[in-house]
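Structure, as structure tokens:
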Amino acid sequence: AGLCSKLNGAVPGEPVKTDKNSRRGNWGNQIEFILTSVGYAVGLGNVWRFPYLCYRNGGGAFMFPYFIMLVFCGIPLFFLELSFGQFASQGCLGVWRISPMFKGVGYGMMVVSTYIGIYYNVVICIAFYYFFSSMTNLLPWTYCNNPWNTPTCNGVVTPRGINNTLANVTRSLVTGATEVAVEVVNKTKRTSPSEEYWKHYVLQISDDIGNFGEVRLPILGCLAVSWVVVFLCLIRGVKSSGKVVYFTATFPYVVLTILFIRGITLEGAVTGIKYYLTPQWHKILDAKVWGDAASQIFYSLGCAWGGLITMASYNKFHNNCYRDSIIISITNCATSVYAGFVIFSILGFMAHHLNVDVSEVADHGPGLAFVAYPEALTLLPISPLWSLLFFFMLILLGLGTQFCLLETLVTAIVDEIGTDWIVRNKTVVTGGVAIVGFLLGVPLTTQAGIYWLLLMDNYAASFSLVIISCIMCICIMYVYGHKKYFKDVEMMLGFPPPIFFRVCWRFVSPIIISFILIFTVIQYKPITYNDYVYPGWSLAIGFLMAMSSVICIPIYALYKIAKSEGTTFLERLKNSCKPDVKWGPALSEHRIGLYATPGSEGEVEVRPLKEELKEKEKEDEKRDEISLTIQGSNGSTAHNTTPSA
């Protein structure tokens, strides 16, 4: 039985157990969980946001506050969410049995994941569009001789012959007519063919956020493809997605490495990398640099989205999520740094080709992914190949995050309803959520879609995430109680959380989260897109989106207090904060000590795993002593194989 227990991952000293949750399901193995979590944390922001932030905030000097924030905020919060979900084996709603009054935090996480899931898949679908457009001998954004180009278009790749714009400028300069020359130069301010392809052909962008125009059918078709791919990968929940991530989480690193090797061999690449890494130590004293570092760590790791809790809920109860949190967090940040080399080596090459400063070609967000980088790729031999690789990488990075966003919503719904029918037909729920997500994404495929996408990106998941995370820390550490939670973690892992994490959970991380919130409020500027300034009514919608997730918390708290037992408000408040009777490990074999059901054999003192291992060894020694060989009168030996009490 002891050998079987070890093989099945059961707690030593107990009967043979599988440690598997047959009702909800588990990861096939621990690598699936780690790869899924890496795919979730490593997303588009690692490629299109971090390198630019690093360059703008002091280059190599930015790494110092970045890694400080990783150690004191990122990894502790990551570990907290993983241990929270794994202990209860519940999604972002079910875990709040720990203190039912705070279940609104779970609903807030669902709202945030819904918003992000809607617009994130639109970004993926645009990457699909560019991927399909790259299947050609000549990238369509290489030259300025297309129907959608304007007279101000000036490409980095000059076709045979001199283009009209350049000829006009030359002619003006030769005549010596200074005023005319200035006017012409102003008019011919460089508009790249990739920017015009993006604005005038792909998006056919309208002049205002309220002017929706028509639905861009090619983008709508790619959006349908994106949702079908996500649905098929999640058709059997973590059983199917756990297999898909072997490719989606690892192949981006192959592509990054290929692009990195290609990039550093180009002329000017070293200049670009110097811009990226050269330390500007004086910027370390700037509060904005620390604020950006903290914000980037917080948003990049996916804290407070609900995805980490959901993914961890499919772990086996005794999985070492402490080790996993460190591996995944460091992998995420290392990927961001590595992506910076890939991006800036190519941008340095383009700056060298144009004979301009790297700062003039550096960009972030969609501007980097769909304008600056694609334009740089046109300068390379066999440019369609590099374009295919780049956009395929973006698709995989996006899908890894999208899998977890959809699974978060589906798991929360299935766990909350919890009937046998809905558990058996989880695929139907997944399909339903995917269809709703697709329909809600349709407005983002219109000619005003990019305005709405950026509005959602800036407001739907900004300060609301910070508030959700802060309240989660307060609830677990101060309402439920830090001592009880530390014992829960010890019961699960076999050792208590290291003292560093206990201090961070109770004091350091909440302080840093509060700092991020204050920084976000102080640094707030109304959103703009290039030269377009968003009207007031659209900003109001943005704030409503941000508040819609946070407002869930007080509304549900008031509802729970009203429904709780008690004659006075304080009694109701106290009762609504008490852990639910169902709080604790999901499987009865793990419900020991405080969590044991009355009269069950599991009603024993909560002991760490290491102590149980020692007791198991002692029991084995006793059995060996009892099973002594007994000499027979004829000189033969007999074995007493029946252990006695």
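In case you wondered, yes, glycine gets a Cβ from its N, Cα and C as well.
According to TrEMBL, the features are:
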- 33-51: transmembrane segment (TRANSMEM)
- GLY39, ALA41, VAL42, ASN46, SER300, ASN332, LEU397: Na(+) binding site (BINDING)
- 63-84: transmembrane segment (TRANSMEM)
- 105-132: transmembrane segment (TRANSMEM)
- CYS144-CYS153: disulfide bond (DISULFID)
- 217-238: transmembrane segment (TRANSMEM)
- 250-277: transmembrane segment (TRANSMEM)
- 297-314: transmembrane segment (TRANSMEM)
- 326-351: transmembrane segment (TRANSMEM)
- 385-406: transmembrane segment (TRANSMEM)
- 427-453: transmembrane segment (TRANSMEM)
- 459-480: transmembrane segment (TRANSMEM)
- 500-524: transmembrane segment (TRANSMEM)
- 536-559: transmembrane segment (TRANSMEM)
- 599-645: region 'Disordered' (REGION)
- 604-626: compositional bias 'Basic and acidic residues' (COMPBIAS)
- 628-645: compositional bias 'Polar residues' (COMPBIAS)
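Within the chain carrying the transmembrane segment (63-84), a Cβ under 8 angstroms from the stretch's Cβ atoms is held by residues 54, 95, 98, 284, 289-290, 293-294, 296-298, 301, 303-304, 308-309, 311-312, 321-322, 324-326, 328-330, 333, 337, 469, 472-473, 476, 489, 492-493, 497, 501, 504-505, 508-509, 512-513, all 6 or more beyond its ends. Here the Cα atom of ALA41 (Na(+) binding site) is found 38 Å from that of CYS153 (disulfide bond). Within 8 Å of the Cβ centroid of the Na(+) site, not counting the listed residues GLY39, ALA41, VAL42, ASN46, SER300, ASN332, LEU397, the chain contributes VAL38, TYR40, GLY43, GLY45, GLY302, THR335, SER336, GLY400, THR401.
For the transmembrane segment (427-453), the list of distant contacts is 114, 117-119, 121-123, 125, 203-206, 208-216, 219-220, 223-224, 227, 230-231, 234-237, 366, 406, 409-410, 413-414, 529, 532, 534, 538: same-chain residues at least six beyond its ends, Cβ to Cβ under 8 Å. A sphere of 10 angstroms centred on the C-beta of GLY39 (Na(+) binding site) encloses 27 other C-beta atoms. Rounded to the nearest whole angstrom, the C-alpha distance between CYS144 (disulfide bond) and LEU397 (Na(+) binding site) is 31.
Residues near LEU397 (Na(+) binding site) in space but far in sequence (CB under 8 A, at least 6 apart, same chain), listed by position: VAL42, GLY43, LEU44, ASN46, VAL47, PRO252. Recorded residues CYS153 (disulfide bond) and ASN332 (Na(+) binding site) have their alpha carbons 38 Å apart, per Cα-Cα distance. Proximity of the transmembrane segment (33-51) to the transmembrane segment (459-480) is not established, fewer than 3 Cβ-Cβ distances being under 8 Å for residue pairs spaced 6 or more apart.
Figure note: comparing Cβ neighbours within 10 Å for the recorded positions ALA41, CYS144, the maximum is reached by ALA41. Take the transmembrane segment (250-277) and the stretches 297-314, 326-351, 385-406, 459-480, 500-524: counting Cβ pairs under 8 Å, 326-351 has the most.
Packing against the transmembrane segment (297-314) from elsewhere in the chain are residues 21, 24-27, 33, 36-37, 40-41, 43, 45-46, 49-50, 66, 69-70, 73-74, 77-78, 81-86, 88-92, 94-95, 106, 109-110, 112-113, 116, 238, 321, 329, 332-333, 336, 401, 404-405, 407-408, 411-412, 461, 465-466, 468-469, 472, 513, 516: each is 6 or more residues past its ends and has a CB under 8 Å from a CB in it.
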